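Per Swiss-Prot, the features are:
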BINDING   GLY47, GLU48, ASN49, GLY50, SER51, GLY52, LYS53, SER54  ATP binding site
DOMAIN    6-251  domain 'ABC transporter'
Amino acid sequence: MVETLLEVRNLSKTFRYRTGWFRRQTVDAVKPLSFTLRERQTLAIIGENGSGKSTLAKMLAGMIEPTSGELLIDDHPLHYGDYSFRSQRIRMIFQDPSTSLNPRQRISQILDFPLRLNTDLEPEQRRKQIVETMRMVGLLPDHVSYYPHMLAPGQKQRLGLARALILRPKVIIADEALASLDMSMRSQLINLMLELQEKQGISYIYVTQHIGMMKHISDQVLVMHQGEVVERGSTADVLASPLHELTRRLIAGHFGEALTADAWRKDR
């Protein structure tokens, strides 16, 4: 029996804004939700803009403090601000590597920084791990001396993946990480991520609006709307028999129909 790797219990986020001298407005960006993630499992979180999916991803990665709820990984609680502990277990890939990678640092510096900050590895050990990680994502050892702007778009996203992998995490969160790539590069990165999942035992949480991509990479899916989960289940079941109107609309917008067993096998 595969044990639960990540457990999310009643996690929520409410933003409070000052709208005047004596007035405040609250927005429930993420209403209390719960889910679990197993080893080597991929969970897709889909929804329209403003559904709360990116806010949820940032709470999981420790970038935003939850208003309420609990996070546990391997039965160990995660607390906001525990960056070193969390970053060795949960890492994130961002949508636009051009803005998330420091343009003034060489690739060697970008990958070395998390190792210096979160491990006790000696310089030579860090160098070996950097080279090994670059090879894992299809980059050459010679690329260590490059700056991000010297890489092609697909290579930049491979670097983003390498930065996520450098601490050998158990969970990688990808927030629309492949959305900006063309279909060929996107397919290459998907295949690479699936290969790494099999070899390294990584679990993914993939945040996306691209329901076609979700079909190919995810085992389970959460559908979010206005901060709450309106549908969940195995990807095959949700796509074949959607229950919520939003899910039906998203599927119809991409595939033109719910995915029956025959339609599932078609390459749309």
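Including glycine, each Cβ sits where the backbone N, Cα and C put it.
Location within the structure of each feature annotated in Swiss-Prot.
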residue : record           : Cβ neighbours (10 Å)
GLY47   : ATP binding site : 25
GLU48   : ATP binding site : 14
ASN49   : ATP binding site : 7
GLY50   : ATP binding site : 14
SER51   : ATP binding site : 24
GLY52   : ATP binding site : 24
LYS53   : ATP binding site : 27
SER54   : ATP binding site : 20
Identify all same-chain residues not among GLY47, GLU48, ASN49, GLY50, SER51, GLY52, LYS53, SER54 whose C-beta atom falls within 8 angstroms of the centroid of the ATP site's C-beta atoms; report them in sequence order.
MET224, HIS225
